[in-house]
Amino acid sequence: MKKIVLFCSAGMSTSLLVTKMREAAEKKGDEADIDAYSISELNEKIKDADIVLIGPQIRYEEGNVKKAVDGRIPVDVINMQDYGTMNGDAVYSQAVKLMDEHQ
């Protein structure tokens, strides 16, 4: 099962996106554990993650997140347009593509 972790400033703004990403995974027949958290929970929540996606409103945290995962897993900022439109299909596809490239 893929563990996809999203971070935003408080963990609230990504909750709808997480729901839509779960629906996208289900449509594709994938098993995925997708959750959103506040960036303040970073060190605690990345332990078993397969990928970390960062909300565009905290893209300035990308360097800190990459340092925290130490190259173990892929990290990327969610596309601003996909985030703004809550395009769960596109963001889920972004996550899967990055995980595939990282293997």
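Note: Cβ is positioned from N, Cα and C throughout, glycine not excepted.
Remember, TrEMBL labels are computer predictions, not curated facts.
Taken straight from TrEMBL:
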- 1-103: domain 'PTS EIIB type-3' (DOMAIN)
- C8: phosphocysteine (MOD_RES)
Helix-strand-coil residue split for the domain 'PTS EIIB type-3' (1-103), DSSP-based: 54 helix, 21 strand, 28 coil
Cβ neighbours within the same chain of C8 (phosphocysteine) - under 8 Å, at least six residues apart: T14, A36, S38, I39, I54, G55, Q57, I58
Average model confidence [pLDDT] within the domain 'PTS EIIB type-3' (1-103): 94
